[in-house]
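Right, one structure below, let's go through it.
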């Protein structure tokens with residue numbers, strides 16, 4: 001029967017003819033880059049018939065959505081395409097655990113797939129073991145095809161999993177010259193409503209959002225996630241305040257839904273470990289220059305999302321504070337993130353930039369740990385604090 005796809009977007013450079021498994025893996029990697037970074041890795045999947053014709057493909061769109069394997073299988077089922085005896089080519093070893101979705105290994109077995117080719121093994125101990133489960137059930141499971149490319153795509157996610165900490169997104173809303181507030185502290189609003197709505201979308205996908213006590217006491221933000229119409233988003237993050245000063249009982253951030261937490265710490269390592277133990281796998285940091293800088297200096301920022309408004313202030317609060325850089329050679333180096341539609345996109349009148357850190361030469365996930373003694377941040381003395389985006 002004819003092939004099916006899970007997405008209307010064409011795969012660049014690929015025609016309708018048969019493809020090799022290596023070519024299919026290239027397609028799967030292209031699909032994976034359409035996803036959104038966060039708690040889960042970027043994954044793409046392609047299903048081939050015995051002759052190498054593409055039957056279906058899919059990718060993972062973010063935490064809580066179907067995994068790439070399930071997405072491809074659903075596309076095939078929706079088109080009435082029989083995939084029994086087919087080969088699935090996927091960029092990451094199929095998972096073998098039940099989280100927000102069921103085990104991909106079981107979905108593959110139920111569909112009658114006879115061969116699975118994956119690029120990289122799953123570095124998340126909670127989800128690994130899919131290949132062994134498939135092999136035990138008689139499926140030909142083989143890994144290692146374009147493994148380096150897949151590992152590079154999910155480099156920061158793998159570091160987070162190996163360090164047993166959340167994937168951390170640092171988000172700023174700033175002027176063209178890098179200011180988050182004017183000299184008098186005013187900041188509402190630097191960016192437009194479209195950028196703020198887009199930022200709320202990222203917030204709703206995160207498991208937790210962090211701000212400092214200075215921001216809370218000065219601005220009394222809600223830090224809830226809101227939808228395009230201004231109502232409460234279906235999924236709300238845990239609202240976390242870090243710092244020693246008490247949060248007033250009537251502070252808006254406390255809310256009434258029980259999703260509020262204060263951590264009496266300024267240490268990014270302690271914060272990450274505590275939240276990971278509470279089930280947080282994607283942490284969004286948007287609590288001011290000192291909070292953001294502490295995570296950046298500690299090497300615990302996996303993604304930087306900056307909304308840049310076409311506005312100049314010339315003075316005021318900087319988006320990022322002291323990073324301990326004394327010379328250009330020691331600068332914090334970042335690269336453009338080509339996932340989720342590309343590194344730069346206009347959102348209303350503002351520019352959204354997405355970046356990821358340049359990998360350390362020779363570093364492996366096992367070598368990146370949380371015991372390096374990151375600098376402490378003083379969130380009680382933010383001056384002026386940065387208001388919520």
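Each Cβ is built from the backbone N, Cα and C atoms, and glycine gets one as well.
In TrEMBL, annotation is done automatically, which means it is predicted and not curated.
Checked against TrEMBL, the range among 332-360, 361-389 recorded as region 'Disordered' is 361-389.
Cross-referencing 95, 272 against the Zn(2+) binding annotation in TrEMBL, which names 67, 104, picks out 95. With 189, 215, 219, 288, 289, 290, 291, 292, 293, 294 listed by TrEMBL as binding NADP(+), the candidate from 160, 162, 173, 315 annotated for that site turns out to be 173. Remark: of the binding-site residues 67, 203, 226, the most isolated position is 226 (fewest other Cβ atoms within 10 Å of its Cβ).
Sequence-distant neighbours of residue 69 (active site, proton donor) (same chain, 6+ residues apart, CB-CB distance under 8 A): 43, 45, 58, 88, 90, 94, 104, 107, 108. Of 67, 95, 203, 226, 286, all annotated as binding-site residues, the residue with the shortest Cα distance to residue 173 (NADP(+) binding site) is 286. DSSP assigns residue 215 (NADP(+) binding site) to a helix in the three-state reduction.
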